[in-house]
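First the structure, in the form of structure tokens, and then the observations on it.
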């Protein structure tokens, strides 16, 4: 009996840590290796749940998700991604909390967020509504844009962000560039090249957006541009090479799906990108621009300069710079100010109740923030940021529901603070003898 109980506990634990769904369910388990093939290249409608096995809300959703999958079988595809295990997929679609449900309709590159109820009935209703809309769009001749990946190389709209290179343009664009280049050498008749083309095109667009053009994807017809093919020893198709300034080209040996290519490109970007700027909040433009142009902006409120001196403040800034470099792949914004300088910002974020220094991370798009409640140390901040990167941690709405007003101020001059100089009082007219008599 004890062995039976232990076995049941072990099985339960295994299921809890490995995933919430099994092959016997009607829910299709999705991973980086099959997501593009199953979802992106599909003509049908998909509902995809991004979950974490440890998430209580996900566990409560599981039976309802299975119920919906069974009801929608052969009508609408219902899938699930263990985003705790496959973080690249979660990051690719901006998943910040669990569970997150997305509807992949006509335009698979721009899924819609599902905001409905968490019951099987509500999920089925939403799926059928989305399916009706998909059919109406098709009747109206709207395809939803590039999604199926079936266009050929002749369709320039599907590969607008892939740079076509030739023997004449290669050196100027690639070798003389400070950017990182991933170059595909292909042959028009090559079947593997045709299969790669839609993945390469979709990846090019996403990489351009996420790296702001610092990593570029290109293509060379090696049957026409034989000088390049000979120079780089191209003997099979497709061959992908990575070019970085001042280094010899290296072969790309990763997967051939969009997510694989994007993941490698982001790694290259992270390796070559300088650390993010750590900016002092001295006006509204700096604060709003930093927060609105990044998925998250990390705001540190340091003690007043009179409390720490220049040495103390610089030690805090060094910690922040170190962590900004560590998390630069996330492409967050980084800001700092001193206690009391931005009262409305502190008030909107609930900062100050735990003393200084303090920290918050703001999502300006959703007007929500998370507050550091651990120690303001490298280890404490790292744990806080790590939880954020996994979509964990509690959040709250920004006070007032909008970005707080920023008070313009002069930037810190890098020096120790000075106490205000008191005005000298002229005592020459004071009759001390008269004061003594009056006191008596």
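All residue numbers here begin at 1 and follow the chain in the order shown.
Using N, Cα and C of the backbone, Cβ positions are placed for all residues, glycine too.
When you go through 22, 42, 375, 428 in Swiss-Prot, the residue listed as phosphoserine is 428. Looking up 10, 129 in Swiss-Prot, the residue bearing an annotation of phosphoserine is 129. When the ranges 93-115, 139-161, 162-184 are checked against Swiss-Prot, the one recorded as region 'Disordered' is 139-161. Listed ranges 315-356, 399-440; the one Swiss-Prot annotates as region 'Disordered' is 399-440. Listed in sequence order, 20, 49, 51, 52, 98, 99 are the same-chain residues at least 6 apart in sequence whose CB falls under 8 Å from the CB of residue 58 (disulfide bond).
Summary for the disulfide-bonded residues 55, 190, 193: the Cβ-based neighbour count within 10 Å is maximal at 193.
The Cβ of residue 129 (phosphoserine) lies under 8 Å from the Cβ of no residue that sits 6+ residues away along the same chain. Of the recorded residues, residue 190 (disulfide bond) and residue 55 (disulfide bond) place their C-alpha atoms 45 Å from one another.
Annotated pair residue 193 (disulfide bond) and residue 55 (disulfide bond), C-alpha to C-alpha distance, rounded: 41 Å. In the domain 'Thioredoxin 1' (20-133), helix, strand and coil residues by DSSP number 42 helix, 22 strand, 50 coil.
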